[in-house]
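The substrate binding site annotation in Swiss-Prot covers Asn11, Asn67, Gly77, Asn78, Asn171, Asn210, Glu228, Arg229, Gly238, Thr239 and is backed by sequence analysis. According to Swiss-Prot, the feature active site, proton donor maps to Cys76. What Swiss-Prot records for Cys237 is active site, proton acceptor.
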Amino acid sequence: MEFTKMHALGNDYIVINEFDGEKVKEEEKAEFSRKICRRGFSVGADGVIFIQKPTSDEYDVRFRIFNSDGSEAEMCGNGIRCFSKYVYERIMKKNPLKVETKGGLRVSEMEIEGDEVKKIKVYMGVPKFKLKDIPMVVDGYKEDDEFLNGELKLKNPYLPKVKLSVVNVGNPHAVIFVEDNNIDLDFVREHLDVIGKEIEHHEAFPERINVHFVKVLNPNEIRIVTWERGAGYTTACGTGTTASVIMAHKLGKTNNRVLAHLDGGDLEIEIKDDGVYMIGDAVMVYDAKLINIGW
């Protein structure tokens with residue numbers, strides 16, 4: 001089976017083209033993704049992207065993504081940029097591209113040089129803040145309430161409680177501003193495996209959640225450290241960056257256009273009246289043929 005390895009800001013994916021036919025059986029996709037993403041034993045990646053025909057005529061193409069633990073995600077910002085580049089360069093010269101995702105419609109606009117996609121601007125939709133959209137269950141809050149810089153108790157020895165905000169941008173995110181928690185990003189990096197994992201699996205989040213630690217540098221710049229649901233630490237997260245900027249702006253910490261610095265590089269996020277836009281690139285690394293999935 002042929003596949004393509006791609007990355008966006010160091011977030012790496014195995015891309016499988018199923019536009020003209022299924023290559024991995026539906027019931028096997030989760031286990032296949034878990035095995036092939038295992039670094040050192042198989043190809044290794046943060047996730048697997050499947051390109052498929054859309055389920056209705058309102059879309060051009062369908063995006064599906066499975067995390068390295070085999071769980072299927074609703075959306076992925078870095079993944080959809082890789083996806084959009086692949087689709088334009090190898091399947092259809094459609095620009096803008098209307099993409100069907102589990103999180104709803106996403107529209108990719110591409111900056112083209114020759115036949116190559118250099119930059120992708122993705123319409124990320126309108127954020128949802130109600131607890132029922134996360135979902136989140138916490139005492140004292142109703143399902144239509146928002147959770148903005150609210151406090152959760154933790155059980156780890158490093159951070160007994162945390163102030164965080166939640167938002168859904170196609171998938172759910174918890175955004176933690178380090179300055180509001182009297183910690184810094186060095187502390188976060190030292191204890192990320194413990195704190196990030198606990199928040200991801202916290203009982204308040206029955207479907208788990210992505211976790212982002214944010215330092216506001218100035219009204220136009222932030223720095224982010226990410227713990228992704230189903231993947232753990234990653235060098236970048238497009239939807240998480242979008243969520244972080246949305247929350248920073250909503251809480252009055254930044255302007256509506258922000259440059260976000262991540263371990264894998266930079267992303268630009270712009271908040272407009274009709275929704276949120278993410279701007280960044282993607283890289284096609286190599287094509288290969290899978291001989292053995294590994295174990």
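First residue shown is number 1, and so on along the chain.
Yeah, the Cβs are placed from backbone N, Cα and C, and that goes for glycine too.
Note that this is a predicted model, so its numbers are computed, not measured.
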DSSP three-state assignment for Asn171 (substrate binding site): coil
DSSP three-state assignment for Glu228 (substrate binding site): strand
Euclidean distance between Cα atoms of Cys76 (active site, proton donor) and Gly238 (substrate binding site), Å: 6
Inter-residue C-alpha distance, Cys76 (active site, proton donor) and Asn171 (substrate binding site) (nearest angstrom): 8
Cβ neighbour count within 10 Å of Gly77 (substrate binding site): 28
Assigned conformation of Asn11 (substrate binding site) - DSSP reduced to three states: strand
Nonlocal neighbours by CB distance (under 8 Å) for Asn11 (substrate binding site), same chain, sequence gap 6 or more: Asp46, Asn78, Gly79, Thr234, Thr235, Ala236, Cys237, Gly238, Gly264
Cβ contacts of Asn171 (substrate binding site) (under 8 Å, same chain, 6 or more positions away): Ala73, Glu74, Met75, Cys76, Gly103, Asn210, Arg229, Thr239
For the substrate site built from Asn11, Asn67, Gly77, Asn78, Asn171, Asn210, Glu228, Arg229, Gly238, Thr239, further residues of that chain with CB within 8 A of the site's CB center: Ala73, Met75, Cys76, Gly79, Thr226, Ala231, Thr234, Cys237, Gly240
For Cys237 (active site, proton acceptor), the number of other Cβ atoms found within 10 Å of its own Cβ: 32
